[in-house]
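**Student:** Not my notes, these are from Swiss-Prot:
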- Cys31-Cys81: disulfide bond (DISULFID)
- Cys40-Cys64: disulfide bond (DISULFID)
- Cys56-Cys77: disulfide bond (DISULFID)
- 31-81: domain 'BPTI/Kunitz inhibitor' (DOMAIN)
- Gln25: pyrrolidone carboxylic acid (MOD_RES)
- 1-24: signal peptide (SIGNAL)
Amino acid sequence: MSSGGLLLLLGLLTLWAELTPVSSQDRPKFCYLPADPAECNAYMPRFYYDSASNKCKEFIYGGCRGNANNFKNRAECRHTCVASRKGIQPRIASN
């Protein structure tokens, strides 16, 4: 196969991988943790992924401890944990 053909094949495979629907197995495990507001005195609106509804929901974070299912905004939560119907795969957040 020519180098042009290989490049075309690589491009098609990459496109296919991006458009393939996501299964819950591709979601990071911390997305399944419950919201953990912690018991400190801060009042920080945050978002967590709710696996029962496949949605990111707001909660109030106390500012200490907690777990990794804690995002500063809804967009970050969605990008990391929500299985999109459009086939965009979630990614592991780098906190």
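Every residue number used here counts from 1 along the chain in the order it is shown.
Glycine is treated like the rest: Cβ placed from N, Cα and C.
Keep in mind it's a predicted model, so treat the numbers as computed, not measured.
Explain the structural surroundings of these features, please.
**Tutor:** According to its DSSP assignment, Cys81 (disulfide bond) is helical.
Taking Cβ-Cβ distances under 8 Å and a sequence gap of 6 or more within the same chain, the neighbours of Cys64 (disulfide bond) are Ala38, Glu39, Cys40, Ala42.
Neighbours of Cys56 (disulfide bond), defined as other CB atoms within 10 A of its CB across all chains, total 23.
In the predicted model, the domain 'BPTI/Kunitz inhibitor' (31-81) shows an average pLDDT of 96.
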**Student:** Just how many other Cβ atoms lie inside 10 Å of the Cβ on Cys40 (disulfide bond)?
**Tutor:** 13
**Student:** Please give me the CB contact count at 10 A for Cys81 (disulfide bond), counting all chains in the structure.
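**Tutor:** Taking all protein chains shown, Cys81 (disulfide bond) has 26 Cβ neighbours within 10 Å.
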